[in-house]
Amino acid sequence: MYIFLFLWVATVTCWPSTSALPVQEQRERRGIPSVIPKPLRDPIENTGVKRVLLEGDIYVDRRRNAVRVFEQTWFTRIIPFDIHPSFDSHDVTEIQLAMQEIMSGSNLCVKFTPRTTEEDFLYLTKLDGCWSAVGRRGGNQTVSVGDGCNKKGIIMHELMHALGFWHEHNRPDRDNYINILWNNIIPEHTQDFDLTNKSQTLDSPYDYLSIMHYKANTFSKDPATLDTITPKNILVDKQSLGQREYLSDNDKVRIRRLYQCNDTMCPYPNIPNGLADGTNLSVGSSIKFSCKSGYMLIGNPDRSCMKNGAWSGAEPKCLYRPVVLHYCNFDTMDLCSWTQQILDKNQIQWTWWSKETPTDDTGPYVDHTRQGAPGYYLYMESSDPARTGNYALLTSPAFPVSSGLCMSFYYFMYGRKVGSLEVFMRQGLYPDTLIWSISGNQSAEWNIAFITLKIPYITNFQILIKATRADSPYGDIAIDDVLIGRCQDLMDIYSPQGSLQTILTKPADGTINYKFGSDSFTFYKLQS
């Protein structure tokens with residue numbers, strides 16, 4: 001690991017006249033890109049690199065079949081990093097300069113810091129080519145700075161991907177500004193020029209000078225004679241496209257907008273019957289929570305002030321221990337005494353998981369409790385080798401019968417075709433009773449289920465949670481934060497006023513939908 005310090009000197013800025021600026025900057029301020037020599041092959045094309053790379057240098061997991069992924073940002077604005085010791089001093093200097101320019105361009109809002117114990121971090125290493133994933137993907141996240149990539153501008157380009165930025169030429173409005181010469185593109189790379197509505201335009205104009213732009217001859221059949229991109233603005237020299245020298249003014253603006261750099265503080269956290277260890281409320285700071293004696297902490301014990309001025313993870317609450325029958329957030333290596341046994345050939349396992357699921361366009365990106373490392377959840381993987389009708393079954397330990405009990409948990413059901421999630425009650429040899437169910441796509445967020453437990457017999461009871469796969473690999477189902485306890489106390493957790501609010505609908509099946517006044521995950525279903 002290389003630890004480096006940058007000396008920042010505060011000075012009174014005196015803007016020079018335009019004529020006193022370097023020619024390159026004069027042209028940029030006038031909106032006319034400067035001419036930059038064009039090599040035959042852009043290093044980000046990664047010719048011969050045997051990896052699944054979108055648009056030449058965006059790494060995706062092989063299971064994703066090169067499908068685009070949404071941006072995930074570093075929500076505290078702090079990006080821990082580690083550098084492989086194989087880099088020589090020149091390479092390390094170029095990496096330092098690249099990070100320094102990005103930090104400076106964000107007005108020190110975004111900060112690269114040497115990793116200590118962080119679980120999510122960038123690992124800069126020298127593999128085959130120049131590439132990075134887009135945004136924070138979780139865990140040890142590789143940024144490859146291979147042969148030919150060890151220049152500040154190329155490294156900045158890859159680090160911008162890691163911050164959450166896609167290529168400029170894929171913006172949904174790009175056809176107003178550039179021509180794509182499809183016949184000149186190497187056939188297997190035509191998808192790298194597809195439009196996407198997932199690019200971050202951030203209300204900024206199209207930028208020919210962006211460090212995220214392709215060169216004019218990227219992925220050309222003959223780079224010496226055939227262009228793949230030409231600007232529609234006649235004042236723009238095509239050879240200026242794809243510059244890898246500096247962040248443009250728009251690049252800097254976008255960093256500050258994506259990372260909401262105007263927000264600097266989080267509100268002071270108030271937790272009744274609890275304790276907060278920490279007084280720093282600025283973005284990037286962390287506070288640890290605990291409960292007074294006799295109380296159990298429900299929610300996130302370690303919260304960070306995020307870039308939007310809000311605390312990360314589920315708001316912690318302290319519940320009186322005698323009223324909590326069971327709580328599990330799956331953040332430890334065990335299942336909190338829940339079990340899963342394979343009963344027949346159609347049954348598959350719940351998977352204990354952190355960060356995003358392996359298949360794109362389905363499943364959570366983070367757990368519910370902590371909203372990131374080191375948080376975990378359980379999910380049923382719907383891709384191969386899972387098949388239609390396969391199911392995952394989770395069985396609770398036995399609980400004593402008591403009146404006025406409720407159960408809550410969070411679920412994530414998002415994808416092109418999602419199966420069903422069911423909750424059953426089991427009492428001894430009596431038939432299992434279905435007490436709650438939902439099916440289909442429920443949007444790309446964690447939703448809450450709230451169930452009143454009507455227990456018909458006096459014997460101990462168990463809860464079974466069953467997820468069933470539909471006929472699609474894009475239907476992951478996840479659960480987190482399972483809580484069983486006294487109904488009123490559970491209601492107090494999710495309703496700031498201590499009572500349920502606003503009955504929304506009452507379907508014929510007896511399921512009632514409620515909305516809590518200010519909970520960010522506002523809907524749950526109550527089985528009566």
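Here the Cβ of each residue, glycine as well, is placed from N, Cα and C on the backbone.
Per TrEMBL, the features are as follows:
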type	residues	note
ACT_SITE	GLU158	active site
BINDING	HIS157, HIS161, HIS167	Zn(2+) binding site
DISULFID	CYS291-CYS318	disulfide bond
DOMAIN	65-262	domain 'Peptidase M12A'
DOMAIN	264-320	domain 'Sushi'
DOMAIN	326-489	domain 'MAM'
SIGNAL	1-20	signal peptide
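Projection of TrEMBL feature records onto the structure.
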residue	record	DSSP class
HIS157	Zn(2+) binding site	helix
HIS167	Zn(2+) binding site	coil
CYS291	disulfide bond	strand
CYS318	disulfide bond	strand
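Calculated from their C-alpha atoms, the gap between the residue listed as 'active site' and CYS318 (disulfide bond) amounts to 43 Å. Taking the C-alpha positions, the distance from HIS161 (Zn(2+) binding site) to CYS291 (disulfide bond) comes to 40 Å. All protein chains included, HIS157 (Zn(2+) binding site) registers 28 other Cβ atoms within 10 Å of its own Cβ. Each residue contributes its Cα atom, and for HIS157 (Zn(2+) binding site) and CYS291 (disulfide bond) those atoms are 45 Å apart. The binding-site residues in question are HIS161, HIS167, and the one with the fewest Cβ neighbours inside 10 Å is HIS161. Cα separation, CYS291 (disulfide bond) to HIS167 (Zn(2+) binding site), rounded: 47 Å.
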